[in-house]
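Colleague: As listed in Swiss-Prot for this protein:
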type    : residues                                                                                        : note
BINDING : Ser42, Ser43, Cys44, Ser45, Trp46, Arg47, Val88, Asp100, Ser101, Gln140, Asn144, Val145, Ser146 : glutathione binding site
DOMAIN  : 32-116                                                                                          : domain 'GST N-terminal'
DOMAIN  : 121-241                                                                                         : domain 'GST C-terminal'
Amino acid sequence: MASATQLTHRGIHLAGLYRSSWSKPLFRHLATKPILYSYWPSSCSWRVRVALAIKKIDYDIKPTSLLKTVSGHAYTDEYREVNPMQKVPSLKIDGHTLCDSVAIIHYLEETRPQPALLPQDPVKRAKIREIVELICSGIQPLQNVSVLDHIGKDQSLQWAQHWISRGFQGLEKVLSHSAGKFCVGDELSMADICLVPQVRNARRYKADLTPYPTIVRLNQELQELDVFKATHPSTQPDCPPEFAKK
């Protein structure tokens, strides 16, 4: 672990800050291990776990189920204080509680910019954000468990397949122009963090991926990276034994 004289935060030497009394609470917050409220199959939770892994941020997980029948579920007064929407993920870090996966990932990028998840080139940054929004605003919310529960069991699978396929049609076209080794060029980015969990959702709901060769290729490449393997839902502490990796 780095000593106080070695630690920096956004270019500020923390050792110098720590010597002033007003800054000691800030230093303590920065030195406190983050807590991630995560649910093992949640694609939103997986995004944040990957970002934390890429940034090499050590953290504790507090499993938070979205099933009311499981202990430690999100629908409690205690968790409502953490996340008023009672969804996952939430992250306690630097003395703050942050909710929503995309907001969390942006915070990590802005406070811990290396390794970078956004390039310096403004066009590439915009393209990455476009892909992130396409997935996180245009696809995943429409096949979220809370929506499918409202739709009803008889129609939920068809509903999920329809909206995933419709979203993937657009995503495939975007990626066919932007992709190199990864979603935008050859550098790992926020877009890749969002793609892999969404492909897992598509397979979970038995969507046909045959028409989307770029999506399939990128997913195969990305799944081989250690940051995705180590944070995979099947490796999580709250994953049921029948789904856990052997």
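All residue numbers here begin at 1 and follow the chain in the order shown.
Note: Cβ is positioned from N, Cα and C throughout, glycine not excepted.
Context for these features, please: burial, neighbours, distances.
Modeller: There are 27 other CB atoms within 10 A of the CB of Trp46 (glutathione binding site), with all protein chains counted. Look at Trp46 (glutathione binding site): DSSP puts it in a helix.
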Colleague: Taking the residues the record says bind glutathione (Ser42, Ser43, Cys44, Ser45, Trp46, Arg47, Val88, Asp100, Ser101, Gln140, Asn144, Val145, Ser146), how far apart in Å are the two Cα atoms that sit farthest from each other?
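Modeller: Overall maximum Cα spacing for these binding residues reaches 19 Å.
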Colleague: To what whole number does the mean pLDDT across the domain 'GST N-terminal' (32-116) round?
Modeller: 96
Colleague: Per DSSP, how many helix, strand and coil residues does the domain 'GST N-terminal' (32-116) have?
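Modeller: Taking each residue of the domain 'GST N-terminal' (32-116) in turn, the totals are 29 helix, 18 strand, 38 coil.
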Colleague: Per 10 Å Cβ neighbour count, which of the binding-site residues Ser42, Ser101, Asn144, Ser146 ranks highest?
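Modeller: That would be Ser101, with the most Cβ atoms nearby.
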Colleague: Please identify which of Cys44, Val88 has the densest Cβ environment, defined as other Cβ atoms within 10 Å, among these binding-site residues.
Modeller: Val88
Colleague: Would you identify the secondary structure of Ser146 (glutathione binding site) according to DSSP, in three states?
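Modeller: In the DSSP reduction, Ser146 (glutathione binding site) maps to helix.
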